[in-house]
Amino acid sequence: MVKSEDKRWTFGNRTRFVVLFLGICSIICNHGAYTTISFTVICMHDVIEEHVALNQTHWLQNSADVSFVFSAGAIGAIIGLIPSVPLTSKYGIRNVLAFYSFSSSIATLLVPLAVSIGYYPVVAARLIQGFGASILFSSIGSISEGWSPISEISTYIAFLSAGFQLSNIITMPLSGILCESSLGWRSIYYIFGGIACVVTAAFYAFFRDTAQVHRNVSTKEMQKIGAGKSETSGRRKVPYVAVCKNKVVLAIWASALGGNMSLMTLMIYGPTYLNKVLGLDVKDTGFANAIPYILATAVKFTAGPLSDKLTSVPDTYKMIFFAAVAQGGMACGFFVMALTRVKLIAQIAYTAAIVLAGVNMIGVVKCAQMVSRQYIHFVMAVNSLISWIAIFILPMIIGYLCPNHTPEEWSVFYIAGGIWVIVMNIPFPFLATTEAADFTKPGFGEKKIRDKIEEDRKNITFANKTRYIVLFIGLCCICFTNGNYNVINFSVICMQDVIESQSVPNQTHWLENTADVSFIFSAGAVGAIVGLFPSVPLTTKYGVRNILSFYGLLTAFSTLAFPLAVSIGYYPVIIVRMSQGFGASILFSAIGSISEGWSPISEISTYIAFLSAGFQISNIILMPVSGVLCESQLGWRSIFYLFGGVSVVSHLIFFTFFRDSAKVHRNVSHKELRKISTGRLETTGRQPVPYLAVCKDKVILSIWAAAIGGNMSLMALMTYGPTYLNKVLGLDVRETGFLNAIPYILATAVKFVSGPLSDNMTFIPETWRMIFFAAISQLGLAIGFFVMALTDSRLVAQIAYTTAIVLAGINIVGVVKCAQMVARQHVHFVMAVISLSAWGAIFVLPIIIGFVCPNHTASEWAVFYIAVGIFVIAMNIPFPFFATMEAADYTKPEWEQKKNVVAPEQII
């Protein structure tokens, strides 16, 4: 180690190789931690024997369960990949890789404990392992971009990627020895998890995102690293559209789609192929599976520097050559394994396929590095996503094509795999280049938004009514997402076939247990509360378009997966229910954000009322449709498929058409934009929320108090409406569906009237209108509860129930409108807290109902309704005294200026 003139250690101008070594170690340990299960699953006999002794079938004896454990890692990785690109862009690879790696390491340490508890904890641990491992492939690109000279890029990529092979070289034989030793398979997880934690800590301590900011990099080394690289100013946002439209990048991704599917097969099912098909024992499988990775590492360590030194051959030709050798060699290996019945030839072909696949890093992957430069982490993330999707679907394909692991079954798979690799790699040789793409160069994408708007004014403007198209699409998203969340409220009363088909002697099904069903309801609220916390900063940073689309699609896919979860068991239902809640948590905030970006001040009541009507419309559609489908041949499952599918379509349309502000929408005319902007404060971009100032605002506090009272009572009616009508008033299933829809139909009609009515009553001061509608809403709700509690007449109770829901709806042009007018551009935070009070109510209500109304008798519900009526009145007392339509000080431009003014005494 050598000191520079300014007394810093420079490692002989080789600090980049220290970084390279730490990067390799990090990839080795974390990839090894993830893949340990590929080997250990074949030597967990002690766990199976314990269950056999108890006459129970263990999940390790069920190929479907084992396959899902493999797939769970891929699911976790896919989930982890989604935030990895924006997180890396914002916080850098050092912080993100360390966080992801620690998650994977800790999960690995917990796997033995999870196995001792049961199947679902193993799935959970595997999900976290996958989440943490998802960043590794992207990190190769980011580390290389920050530290490798252009002249050494092949070496850097090859050496870093060798970490994947080295992890298998270490993992496989070590696992074979430990599995058959007195330490047992559990020791593998403790060793790899512990070492991974130490290595990750060392990486975090020494590594920096770029060589420019590292204290041990000399001027000489910095000049070498920076030579030939374009200057970039800090961390820049990824130009996703430009990258995704680049033909070279698309060819790279196509090649990855072919190669990754094949390579993942060899990596994941290598031990199984050697053990089940070629007939090697456990220890021989460990060592035989390590051989190709040893050779692949040696080839990488040779091919990388060789490619860099072959300066007489153009880089493009070198990349095409190595890509052809890698992918062509892998395809040939597949064909040989499919056609031969000689064990030695099959093992040689298996080895050659893995060895040659490794040199693709200096073919296709090097091309990705050269073309995408500072955005390589996004390109590599997509490559990685392809790998994880392959890992996710491979167990299903293998389970279908090779259920018995016979040579004939694997032959069919290998022939198909070989053809797939060749077809997907055809475009690459024609498009490969070493030239940096235009989107990597300074100045790209800096065209002013205002100029773009002027160009786009030539487009269709929908007769100056684009805001109503947006209103309709937003209404559809809210309607179907809320419907997805609430579909269980009805379907839970008609799942008799599940109880009958899954009944076990002397055991009560969870659908027959009130506490279990209540927890299912509460799980949705737990997911929503979890989803609410990141929703405010995410909406502030990425806008409601991106966040509502992501949250809505999550709820939609969870709804589609619900019948499958029910068929598996109780805990998968909880997981899916939490995902539904997570996605639905954004809806109330979305009403505020969409209205703020698109509604003229003169139409704010109409906009809020119409958007919020989505909650009622969803029940108008959901309840009768559910009643019909539940008693039809299609059954209750069809409800989930119908609402989930329609929701996916509606959110894709929303994402395509919607923009966060009318100012940047191509279909908004000058005339409409002037109307929308009139009376609004000018703001500069997306501003951070002044949380403390909002939370100290007396008007906001009174709004939140009213929301807590109103939401507790309204959620009781919405969530337990079908139960009340069915169990207390004695209606059958179909009647419950149609009669529960009546109040929502009336509430929707009232909203469609009250919104425009409030906007047009200009002869009455705005504040008085808000107080009037709030009082009618909340008092009507409370009186409805008192009547339901005290009457013995079924008709009177139903009228009171209907009236309460109808009047509750107009609070949107009372309390909620006040929140919109006061908080303005920060309304998504105020609405998020209102939403939190609603989800908090949904979470505690099942507990309260389970305690107060365990038998669902009229007398039990009477006690509950009287208490709730009093609670509503008490919580709404402050609002009339604080209501106003004036925008708060923290919404005004001068607020930021005041915060940034330096007092004279501070200067002194």
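Each Cβ is built from the backbone N, Cα and C atoms, and glycine gets one as well.
Because the structure is a prediction, the values reported are computed rather than measured.
TrEMBL lists 18-435, 475-886 with the feature domain 'Major facilitator superfamily (MFS) profile'. What TrEMBL records for 97-120, 126-144, 188-207, 290-307, 344-363, 375-400, 468-488, 574-594, 639-658, 699-721, 770-789, 861-883 (among others) is transmembrane segment.
Between the transmembrane segment (699-721) and the stretches 97-120, 126-144, 639-658, 770-789, the greatest number of Cβ pairs separated by less than 8 Å involves 770-789. Same-chain residues lying 6+ beyond the ends of the transmembrane segment (344-363) with a Cβ under 8 Å from its Cβ atoms: 154, 157-158, 161-162, 165, 255, 259, 262-263, 266-267, 270, 273-274, 277-278, 288, 291-293, 295-297, 299-300, 303-304, 307, 318-327, 329-330, 332-334, 336-337. Same-chain residues lying 6+ beyond the ends of the transmembrane segment (375-400) with a Cβ under 8 Å from its Cβ atoms: 63-64, 67-68, 70-71, 73-75, 77-78, 81, 84-85, 88-89, 93, 130, 134, 136-138, 140-142, 144-145, 238-240, 243, 249, 252-253, 256-257, 260-261, 263-265, 268-269, 365, 368-369, 413, 439-440. Proximity of distant same-chain residues to the transmembrane segment (639-658), defined by a Cβ-Cβ separation under 8 Å and at least 6 residues beyond the stretch ends, is recorded for 469-470, 473-474, 476-477, 480-481, 483-484, 487, 490-491, 545-546, 548-549, 552-553, 555-560, 562-563, 594, 622, 625-626, 629-630.
For the transmembrane segment (574-594), the residues of the chain that approach it from at least six positions outside its boundaries are 470-471, 474, 477-478, 481-482, 484-485, 488, 519-520, 523-532, 535-536, 539, 544, 547-548, 551-559, 561-562, 565, 607-608, 611-612, 614-615, 658, 660, 816, 819-820, 823, 827-832, 834-835, 838-839, judged by C-beta separation under 8 angstroms.
Averaged over the domain 'Major facilitator superfamily (MFS) profile' (18-435), the predicted model reaches a pLDDT of 82.
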